[in-house]
Ligand code: 0O3
Ligand code: SF4
């Protein structure tokens, strides 16, 4: 069996930044760090941080006053931020800068009373945070998840003050078809030049399409609540290649790989590389050849952490 590794795969710049913020905060403050929601949607990342003493909460009210809180990479609503301020929490914001960019645009639309449509998945923390940037008594933000939802929108066809935005981790193909239908129904709608789907989502989805051309099975490493990982698995299946999403190597069933000649591996933006290595080791134990890295888009983007969270030299090698 040949093993092909997708490129790019795994951690994106937003996830790396969020993890570094928490790890450095632990070293600098030497106090309990609370994180609102899972910092990123990966079981192993969360487990590791929990071991270091990080406490994950869903509600700000569960955090004692004057504590340190980190907002997860998916971002929070304005109301959540206000609650944290009221409790006199020290806020460390690990929201990905690309999510913050959407927040700012939605907030601007709200201030200008521009009716807004957000394309995204109901209940996802990023969507909750983005919807929560809009607060206007005279106009509204509406969430749509599908093309079918467009016809249910209580918006006049020739509304000229209408905007749309998207979640950052959606399926590129499906989102484009939603936007096309939106533009058909609302000819005066405006929105981002492409959509708000980020570079990392785009590159990882393109890499899966490439994998699908040369493999007869794809393994996607990523937790069940990870939207971008779910989209990779969905895309794999759409290409017609047998695709399975796994948390780690221990989910792999021998019967899946029995007659497979070319197996592709990828990982969602929140899945650490050590999980890929474990899968490769497992496959090699089952007789697979040495893995080959596929060529793909090189990602050079780095998001800096706030200056006050960079480590002083005496803490740099501290583990
Ligand atoms: O948004 P998603 O469920 O994909 O989140 P993950 O798995 O934590 O990955 C990072 C992406 C993110 C923070 C939002 O863009
Ligand atoms: Fe940021 Fe994109 Fe990563 Fe989300 S997937 S954290 S938007 S870089």
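Cβ atoms are placed via backbone N, Cα and C, with glycine included.
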Exercise. Can you tell which of 41, 103 TrEMBL lists as binding dimethylallyl diphosphate with 74, 124, 226, 227, 228, 270?
Worked result: 41
Seminar exercise, completed: Not counting 41, 74, 124, 226, 227, 228, 270, residues with a CB within 8 A of the CB centroid of the isopentenyl diphosphate site are 40, 126, 169, 225, 229, 230, 268, 269
Exercise. Any idea of the Cα spread of the (2E)-4-hydroxy-3-methylbut-2-enyl diphosphate site, 41, 74, 124, 168, 226, 227, 228, 270, as a max distance in Å?
Worked result: 15
For this session: Based on Cα distances to residue 270 (dimethylallyl diphosphate binding site), point out the closest of the recorded positions 12, 96, 126, 168, 198.
Result: 12
Problem set entry | Spatial neighbours of residue 198 ([4Fe-4S] cluster binding site) among the binding-site residues 41, 168, 226 [C-alpha, 10 Å] | 168
For this session: Look up residue 41 (dimethylallyl diphosphate binding site) in the DSSP assignment and reduce it to helix, strand or coil.
Result: coil
For this session: Report the nearest neighbour of residue 126 (active site, proton donor) in space among the binding-site residues 12, 74, 96, 168, comparing Cα positions.
Result: 74
